[in-house]
Every structure is written in structure tokens, then in C-alpha cells.
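Noted in TrEMBL for the protein shown:
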DOMAIN    1-147  domain 'BAP29/BAP31 transmembrane'
TRANSMEM  6-28  transmembrane segment
TRANSMEM  49-70  transmembrane segment
TRANSMEM  114-139  transmembrane segment
DOMAIN    169-218  domain 'Bap31/Bap29 cytoplasmic coiled-coil'
REGION    194-219  region 'Disordered'
Amino acid sequence: MTLYYSLVFLLLVAEMTLFMLLIIPLPFTIRRKMFTFISESPLVAKLQYGMKITFIFILILFIDSVNRVYRVQIELAESNKQQGYASSRFYNPSAVLGHERMEVQARKFYSQRNMYLCGFTLFLSLILNRTYTMILDVLRLEEKVKKYEGDPKATGKQADKLANAGNAGEIGKLKNQLAEKDRDIETLKKQAAGLSREYSELSDKYGATNPDVTPKKDR
């Protein structure tokens with residue numbers, strides 16, 4: 001197995017582990033904190049962005065493996081035709097075509113393995129996304145039921161965070177964007193303050209050199 005297919009296999013194992021963590025029955029409080037952390041963590045947002053790029057490469061590998069399986073199937077069919085033709089010539093074709101046929105069978109096995117590996121990895125990624133959304137909806141419904149029952153814990157900060165939680169890392173990504181906007185605003189304020197200070201200095205110098213001239217005010 002080549003390096004990139006080994007990485008795909010490790011990703012498949014990680015997805016299986018994450019899926020087991022999602023479906024393990026946990027107390028409501030622990031599960032709510034876990035999903036709130038996933039929604040708010042900037043690290044999860046960056047990881048999710050990297051995983052999207054990774055799944056694009058896995059999709060390319062999947063298409064390539066399907067193409068290889070198709071070509072091997074054609075070669076295997078041609079090999080069977082040659083074997084049948086050799087049998088009609090009254091000599092044993094196994095000595096002539098046996099090694100070639102084994103090589104084609106081996107390539108067929110590796111191509112099918114790579115196709116199933118990439119296919120299951122892509123399919124499980126869709127299952128994980130859907131499972132995360134369904135569990136999040138269930139948690140919100142449980143939170144609403146607790147609120148209707150008058151549970152005081154259902155009106156705290158954790159409940160508000162869970163209600164605003166979206167996709168994995170979405171809140172963290174929005175917080176990063178908001179922080180960037182705040183930094184841009186602070187930079188603009190500093191620039192405006194510098195321009196105002198320079199304007200005041202120039203006005204003072206101009207007033208000192210020309211005391212009889214007063215600056216006109218805009219009406």
C-alpha cells in the first residue's frame with residue numbers, strides 16, 4: 001500500500017473512531033458541552049477546512065481507482081479470450097498465460113481495494129456530517145423540553161450556546177472574522193487619529209506663520 005492510501009486508511013480509522021464517539025450514550029450535560037466546544041473551537045474550524053481539501057484529493061483517488069478497475073476488467077476479458085483461443089489450438093495455455101493472468105488478477109485486487117477504501121472514506125464522511133446534524137437537533141429538542149418543564153439549567157449560557165450552534169467550527173470561524181473586523185476598525189481609528197493630529201499640527205504651523213489669516217469655516 002502506497003503512502004497516500006495508507007493515509008486514507010488512517011483517515012478511515014479516525015472517522016470510525018469519531019463515529020463511535022458520536023453514537024456512544026453520554027449524559028446530556030457532557031454531550032452538550034462537547035457539541036458546544038466543537039461549534040466554538042477555531043481549531044475545529046481550521047481542521048474542517050483542511051478536511052474539505054483532503055476529501056477532494058480522496059475523491060480524485062476514488063475516480064482514479066474506478067478507472068483502474070475498469071481497465072483491469074478489460075485486460076482480464078482480453079486474457080480470457082486469448083486463453084480460449086489458445087485452447088482451441090490444442091496446447092496447454094497455462095504455461096504461456098498463467099503468469100500474465102496472475103499479474104492481472106493482482107492488479108485487479110489492488111485496484112478494487114483502493115476503490116473500496118476511498119469510497120468508504122467518502123461515504124463515512126457524509127454519514128458523520130449527517131449524524132452530527134441529527135444529534136445536534138436532538139440536543140436542541142431536549143433543551144426545549146427541559147425549558148418547557150421549568151428546568152433552571154435550560155436557560156443558562158450553555159443553552160444559548162447550544163441554540164446558536166451550527167456546523168462544526170462555524171461559531172469559531174465567525175468569531176475569527178469578527179476579531180479581524182475589530183482589528184480593521186482599530187487600524188482605521190489609529191489612522192484617523194494620526195491624520196487629525198497631522199492636520200492640527202499643520203493648522204498650528206500655518207496659523208503661526210500667518211497670524212492675520214484665519215481659516216475659513218465651512219457653512
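Cβ atoms are placed via backbone N, Cα and C, with glycine included.
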Quick test of the contact rule: Cβ under 8 Å, at least six residues beyond the ends. What residues does that give for the transmembrane segment (49-70)? 4-5, 8, 11, 107-108, 111-112, 114-115, 118-119, 121-122, 125
Per-region confidence, the domain 'Bap31/Bap29 cytoplasmic coiled-coil' (169-218) (mean pLDDT, whole number): 70
